[in-house]
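Notes to accompany the following structure.
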Protein chains: 2
Amino acid sequence: MQRPLILVTNDDGITAPGIRNLVEFMNEIGEVVVVAPNSPQSGQGHAITINQTLTFEEINLEGPQKDFSLSGTPVDCVKFALDKILPRRPDLVVSGINHGANSSINVIYSGTMSAAVEAGVEGLQAIGFSLLDFSWDADFLQAKEQIQRIVKKVLENPLPKGVVLNVNIPKLNKEEIKGIKVCKQADAKWEENFDERINPHGKKYYWLTGYFNNMDKSEDADETALSEGYISVVPVKFDLTAYEYMHDLKGLLE
Amino acid sequence: MQRPLILVTNDDGITAPGIRNLVEFMNEIGEVVVVAPNSPQSGQGHAITINQTLTFEEINLEGPQKDFSLSGTPVDCVKFALDKILPRRPDLVVSGINHGANSSINVIYSGTMSAAVEAGVEGLQAIGFSLLDFSWDADFLQAKEQIQRIVKKVLENPLPKGVVLNVNIPKLNKEEIKGIKVCKQADAKWEENFDERINPHGKKYYWLTGYFNNMDKSEDADETALSEGYISVVPVKFDLTAYEYMHDLKGLLE
């Protein structure tokens, strides 16, 4: 049987430790092609590059996989891989491992998850992985077996059309991780707080900062599962229609 | 009674005809503050600016509103307006009028809609408006009355928590527009087709191009309504959890 073809991408850039670990884990499961940004793309959301051009190059990194770096966003990487690089449609697209959480509302800001969502839009199986540790020296090995297990399950039991997975891994030792919990996206938000500075010419400028405000303590929220030591898995869809409100809205507007 | 405070933003930039028309329409309804990007931001999706700084300036444009241009994305504009510019929480955030469609899957790539979604995340009432005409000379006046009607309805009957509106307007004369239809997001996608070129130094580069593929002919899809001459209104939510698949996924992974 042909080994599954796995496309790997991320938003931290092709040389980030998170993606290099994910590539190693995937090399044990299938034939791996990496198409990832040539520079960090955090917070890019579902951005695509339409007013600039793109370039790519094959680079030589350790391992049996092929590596291509692209001058675009994570979503660009998925589109470009499908159109110009991959020999056939991949059996799976994995994105990450992100350095930092993409739980709750972060799914909409996340380049990591946007790559997975784009793959879903393309009709492909897709999973985004994130570790709750921003450090470049983070330990990604702790969750190797769980990541490989999730990937194999999805390869054997394809997700329904229109659904991709958002997997977040707590910053814990392997022994401390309690297992996997399927969750909903917690109701949470970032409270923005722009940091004002003065440049050498006397002009004000601002850094976007903020703090995370989790309003959702429910048992099945991803933030709850993570805080309890579980790996959270949220099935994510990209039909954003609020079907439950259509009837009332018809009464209001039609 | 105090006039409603309306924040206006967009993704085509603060001087685009679409936003200037929307500002005029809103000036007749409330007190208007504009915080919009100082340059075009199409395709920015839910991008935020975290590795660069932001600057803003008040600019003088015709009309009673206040205008502020920001060096960031549409989502940055909403966050910055709330934290640094607005005198109080706005009663409504409107984004657009976008030059071009944001129907169906375009909602996830759209800076216009991401600004509306960000406002929704902040717990605000929000609507994104788009006209199916890319031209800078597009006629935005045709839908003035309908836009004002939708805005007034939402001000009088607030949307439920977690829901914002995605309004698309067909490129038709006022007399040809059949009315408003509440719709679901059509199941459609862009088929990417990167255009390969050679630069003067012999290196390949690429432009992202593609064509829109609507797979959804159902009566209640926004693409259908638009093709029939209706203004489409999709209630959009940002809890992306695929609740209907959680049970099966638990069986697979837990």
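Using the three backbone atoms N, Cα and C, a Cβ is placed for every residue, glycine included.
For the divalent metal cation site that TrEMBL gives as B:Asp11, B:Asp12, B:Asn98, the extra residue drawn from B:Ser42, B:Ser135, B:Ser218, B:Ser227 is B:Ser42. The residues near the divalent metal cation site, meaning same-chain residues not in B:Asp11, B:Asp12, B:Ser42, B:Asn98 whose C-beta sits within 8 angstroms of the mean position of the site's C-beta atoms, are B:Asn10, B:Gly13, B:Ala16, B:Gly18, B:Pro40, B:Gln41, B:Pro74, B:Gly96, B:His99, B:Gly100, B:Ser110, B:Gly111, B:Thr112, in sequence order. Chain A comes close to B:Ser42, taken from the binding-site residues B:Asp11, B:Asp12, B:Ser42, B:Asn98 by a C-beta to C-beta distance under 8 angstroms. Minimal Cβ crowding within 10 Å, among the binding-site residues B:Asp11, B:Asp12, is found at B:Asp12. Mapped onto three states, the DSSP output places B:Ser42 (divalent metal cation binding site) in coil. Annotation: B:Asn98 carries the greatest number of neighbouring Cβ atoms among the binding-site residues B:Ser42, B:Asn98 [cut-off 10 Å, Cβ to Cβ].
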